[in-house]
């Protein structure tokens, strides 16, 4: 059927070429579109009002609310929404609705909960003690665990999380640097290395991605024996040696880490406990201490495998310090993943000339 133009009464062309020129051209400067400035302001005001309403519903102090930017507000709201999906009303989250400051201060790290798609669901408030960033500041980095981790380990972390998801209840561990505050980086020379240990748990049935969550404890990997995390006698043991590394004393906590009693080690050589593949590394550490003789106190660090009393191998981070005619070793037990991370960044042993 032919359609005729109402202007020229000729058949209407597909390209509308028969329409008057003024209908195809943009409005002239003398007839601009009506200004939308007032409409834009009205939209901004509406958005601001909605954000203020959302901010008022957040379960944080009025002081904290005043400091929230729009980005922080939306990050917190998204976190709460994900939490509400995983832990609907009537179902208390496994980590508890609110952990007291006293209880959190007893933990060696902070708590982390992820959804099945690696989205952040919960971060305990004591995260600031470990990373120098508050929970709100950390959320501003992004909404997944990969946004707060060193990007170089993303593929490895994905594999570990997938493995844990396929076998709920199986514990997995991964080690990575986590983002920290600028003040922390200036003080410590970089971001914080953290070991994340956790597992997927079923929150309710039937089992599905929307009913499982990854619960983890994130503990810092200490960088020196003076770090607060290594101050506990349960966490470390100390041994004293003469200059050839023969034991002359060791703290009782060695039993917890290696299974030996003090009397079994006194008089033995440190080298009798070392893994054969780590002997060169230990010798390089020992040699560096010996070469500093007469130059005042010196210290060296190494990650080594040491033979336990039950004939298994234990990973230790060893800080060795020479002072006068003795060498003192401060040793902290490591998990395999922590040891692998530290060994990758440890200088290789250089054989003697």
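Just so it is clear, glycine is given a Cβ too, placed from its N, Cα and C backbone atoms.
Remember, TrEMBL labels are computer predictions, not curated facts.
The feature region 'Disordered' is assigned by TrEMBL to 20-42.
Annotation source TrEMBL lists domain 'BHLH' at 31-84.
Here the domain 'PAS' (102-168) returns a mean pLDDT of 86 for the predicted model. Positions annotated as domain 'PAS' by TrEMBL: 102-168 (among others).
Sequence annotations record features per position, and here TrEMBL assigns domain 'PAS' to 247-296 (among others). Secondary structure counts, DSSP: the domain 'PAS' (247-296) has 29 helix, 6 strand, 15 coil.
DSSP assignment over the domain 'PAS' (102-168) gives 33 helix, 12 strand, 22 coil.
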